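Lifted from TrEMBL, the feature list:
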- 32-235: domain 'Neurotransmitter-gated ion-channel ligand-binding' (DOMAIN)
- 243-357: domain 'Neurotransmitter-gated ion-channel transmembrane' (DOMAIN)
- 355-382: region 'Disordered' (REGION)
- 1-24: signal peptide (SIGNAL)
- 236-258: transmembrane segment (TRANSMEM)
- 270-289: transmembrane segment (TRANSMEM)
- 301-320: transmembrane segment (TRANSMEM)
- 429-449: transmembrane segment (TRANSMEM)
Amino acid sequence: MGLRSHHLSLGLLLLFLLPSECLGAEGRLALKLFRDLFTNYTSALRPVADTDQTLNVTLEVTLSQIIDMDERNQVLTLYLWIRQEWTDAYLRWDPNAYGGLDAIRIPSSLVWRPDIVLYNKADAQPPGSASTNVVLRHDGAVRWDAPAITRSSCRVDVAAFPFDAQRCGLTFGSWTHGGHQLDVRPRGAAASLADFVENVEWRVLGMPARRRVLTYGCCSEPYPDVTFTLLLRRRAAAYVCNLLLPCVLISLLAPLAFHLPADSGEKVSLGVTVLLALTVFQLLLAESMPPAESVPLIGKYYMATMTMVTFSTALTILIMNLHYCGPSAHPVPAWARALLLGHLARGLCVRERGEPCGQSRPHESSLSLEPPEGGAGHPEGPCHEPRCLCRQEALLRHVATIANTFHSHRAAQRCHEDWKRLARVMDRFFLGIFFSMALVMSLLVLVQAL
């Protein structure tokens, strides 16, 4: 900065010492005007004729590019074009006296400049002014256009991530002059977006301007400032394709574990695999999201899906136990037989092979054969032959025992089949419940993207 000032001072000295014969007519007029204006001019004092007069500064901002939005550190980096306009009471001339010359362009360091800075800047570098020229008109109007790369603090709210919208304010004001000495006002109701370069992640909705007059604790006089609020909305297409859509598909796949046959041995494995896949996507999501007090929307969806998959896996284990109840298990309770194997089975259309839908299988009563009663003598009957088969009581008792054993085995098998059928009913019931839950949760999240 010192080297630049030294070169600038040397250039001005050469300009003053340069002979007028070396310049053209217009150049001689510009040189004469420059010498007349800056002979007794100082840029250290506020350029007003009366010290009690307020100097009005008009501020105009043009947004050129969003360089970066650091959500983790809550810092917004922008490339802006800043235009400031004010009136210098000591830099006026009559254009007729200088051959109709009504405007000149000179280095901005030669004139007084307002000390307008960005209040909420987020970098450690001291505020500096760009070394660009100012346009000076004959009526004292000064226009200073300067590019600037600003780093401002912005409170990022990721509660609706990745469908969130952010509001980032940039507050400009004088650092040392109060409202009675310098008044800053915006030009227009919003910043200009005519030369904005579209950002791949954020869509700009607008940048309205608002003027405020505040009184701080350090000083009694008011301090006006201008706040440009940048309205942003995140482009969620990449997050939907990479993070949300895989989770939706996995969550819709998880309830299909209830549709797998129990004898396949893969019901529990499917639930555990889905849970591990969701855990991997949760880790990827945690890396891409900034830390925040509130849980983002997609984070809530992941947690709800993982909870649903955990409960479905636990219920699958319970249903597997019902399916593999052995012949020694107790019979299905009467209430479960009437409610689950009766009404619910008909409603869910769970039937045996060959059984029409909507009809439940009638319960078979167990039959028992009793051996024929009789004493040691021959029973009364039409047959009086001593070697007749009907008189062989021992043989009839053995036949009755075999028949009773067969019916007991059939009853145990029927009990086992009832438990297996009950497991199928529960599978069909929870398949509908969990699939509906997964579909509703997925639709609620995807609706936010529309």
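Using the three backbone atoms N, Cα and C, a Cβ is placed for every residue, glycine included.
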Beyond the flanks of the transmembrane segment (301-320) by at least 6 residues, Cβ under 8 Å: 244, 247, 250-251, 254-255, 257-258, 262, 267-268, 271-272, 274-275, 278-279, 281-282, 285, 295, 423, 426-427, 430, 434, 437-438, 441, 445
DSSP helix, strand and coil counts for the domain 'Neurotransmitter-gated ion-channel transmembrane' (243-357)? 83 helix, 0 strand, 32 coil
Tertiary contacts of the transmembrane segment (236-258), defined by C-beta under 8 angstroms and 6+ residue spacing from its ends, are 161-163, 201, 267-268, 270-271, 274, 277-278, 281, 284-285, 288, 298, 301-302, 305, 308-309, 312-313, 316, 319, 427-428, 430-431, 434-435, 438-439, 441-442, 445-446, 449
